[in-house]
Amino acid sequence: MPGGLAVYPEPPDGGWGWMVVLAAFFQSALVFGVIRSFGVFFVEFVGYFGELSERVSWITSIGIAMQQFASPVGSALSTQYGVRPVVMAGGFLSGLGMLLASFATSLTHLYLSIGLLSGFGWALVFTPSVASVARYFKRRRTFATGLAFTGVGLSSFAFSPLFQLLVDTYAWRGALMVVAGMSFNLVVCGALIRPLTLKEDLAGPVEPGGSCLGRLSTLFDLPLLSHWPFMRFVLAITFINTGYFIPYVHLVAHARQMGFDEYQAAFLMSVAAVADLCGRLFSGWLADCRTFRLAHILVAWTFLTGVSMALVPLGRSYLLLMTICICYGFFSGALTPVVFSILPEIVGIGRIFGSMGLLQMMESIGGLLGAPFSGWLWDKTGNYLASFIAAGAFLLAGSVVLVTLPNFSSCLGSFSPASQGTKAEAGSEPAASTPAASTPASGELPSRGRNWPAGSQDLTAPA
């Protein structure tokens with residue numbers, strides 16, 4: 001660890017952590033806010049290049065998949081060199097990709113610039129930033145994460161009509177140049193992330209592997225791949241991710257096909273974004289009230305998101321479609337902070353970088369296939385009815401997998417200090433007299449030079 005840095009016995013739950021939340025707020029806005037509002041460019045690309053929806057959909061799908069698939073690289077680099085330089089480098093690459101995309105003459109150029117280059121930059125920005133928020137907070141982790149993610153909702157509200165205005169004023173090439181300039185501000189956000197040293201980081205030094213493969217396994221935290229509760233959680237999130245982004249790619253096109261003009265279609269995304277913002281804040285508040293267990297909250301939000309997404313084709317009038325979009329935006333926003341807040345309960349805060357990187361990498365399969373599959377259904381059917389029903393089905397499948405997590409069926413209960421001492425990362429240190437605090441449960445993985453957090457298998461522990 002660098003000399004001169006204060007060592008905290010546990011996450012400070014405030015202080016400079018709020019500046020890290022502010023940085024993550026702008027980073028989430030300039031990563032997923034841009035991705036969510038890219039449906040405006042989708043319509044322009046289909047018309048300009050004269051390509052099928054399926055092929056144009058690969059632009060955002062490759063970008064989302066790259067952001068997720070390369071997340072272990074961002075996590076490993078952050079562990080090795082620190083979060084700040086990695087995030088700043090990612091911000092530069094994301095802006096450069098958008099700038100190069102403005103000179104594209106074919107879809108292949110857009111695949112390479114936005115999909116690969118900007119996508120890789122997003123990977124270096126997003127995962128280390130969210131992990132940094134989790135490291136700075138413990139008792140208020142879900143609320144802090146939800147607050148950071150409100151940047152997605154606010155930017156989606158602003159970016160959809162803004163991008164439409166930019167396209168109308170400067171055409172899509174000029175609009176992409178403006179987006180590139182906005183993305184370069186991610187470099188400034190990265191500079192705000194101050195390194196944090198926790199006592200757990202110094203509890204047991206990692207012994208270097210005897211081979212290159214061993215060192216890579218340690219660096220990327222590959223032993224997590226044999227942790228079955230974690231892998232079941234990854235499978236559920238992969239299903240969720242397959243359907244999650246489909247409305248942000250095809251909702252504008254669906255509204256245009258329904259006969260609404262381009263500004264009415266873009267406004268639907270803005271309304272959903274406001275609901276998304278409210279959902280993230282409410283979800284963070286609800287989780288930190290500790291009345292319900294995180295796993296139960298996550299299943300509820302996932303199920304409701306899937307149902308509302310499947311109902312989109314029923315919106316025949318503009319008012320009804322807007323109502324469905326509000327419901328979808330609220331529920332989809334509410335589930336996001338819970339997904340990331342539950343990870344420390346599964347694997348422990350010491351493995352947050354590795355687990356988040358592996359989760360993002362494996363769920364990239366869903367991000368890669370979701371939008372092209374939706375575009376393929378449109379090419380086959382001529383409408384988006386099947387696309388939104390399929391998207392909802394993927395969300396519902398994810399909620400079913402989440403129900404299979406260990407101890408999920410245990411009854412709901414209010415948070416109590418008595419149970420707090422036996423649950424990993426439940427808001428305080430485990431009780432010293434609790435046997436589970438010193439003896440890992442069967443099937444648990446050893447931590448890096450430390451005992452695996454007590455109770456880490458119980459994914460339904462109160463937050």
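Glycine too: its Cβ is placed from the backbone N, Cα and C atoms.
Whatever TrEMBL says is automated annotation, not expert-curated.
As written in TrEMBL, here are the features:
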- 424-444: compositional bias 'Low complexity' (COMPBIAS)
- 17-410: domain 'Major facilitator superfamily (MFS) profile' (DOMAIN)
- 418-463: region 'Disordered' (REGION)
- 15-35: transmembrane segment (TRANSMEM)
- 86-104: transmembrane segment (TRANSMEM)
- 110-131: transmembrane segment (TRANSMEM)
- 143-164: transmembrane segment (TRANSMEM)
- 170-193: transmembrane segment (TRANSMEM)
- 233-251: transmembrane segment (TRANSMEM)
- 263-282: transmembrane segment (TRANSMEM)
- 294-312: transmembrane segment (TRANSMEM)
- 318-340: transmembrane segment (TRANSMEM)
- 352-378: transmembrane segment (TRANSMEM)
- 384-405: transmembrane segment (TRANSMEM)
Overall pLDDT for the domain 'Major facilitator superfamily (MFS) profile' (17-410), taken as the rounded mean: 86
For the transmembrane segment (110-131), distant same-chain residues with Cβ under 8 A (at least six beyond the ends): 20, 23-24, 27-28, 31-32, 45, 58-71, 73-75, 77-78, 83, 86-87, 89-98, 100-101, 104, 145, 148, 183, 186, 189-190, 193, 340, 352-353, 356-357, 360
Feature contact check the transmembrane segment (384-405) with the transmembrane segment (170-193), CB under 8 Å, 3 or more pairs: no
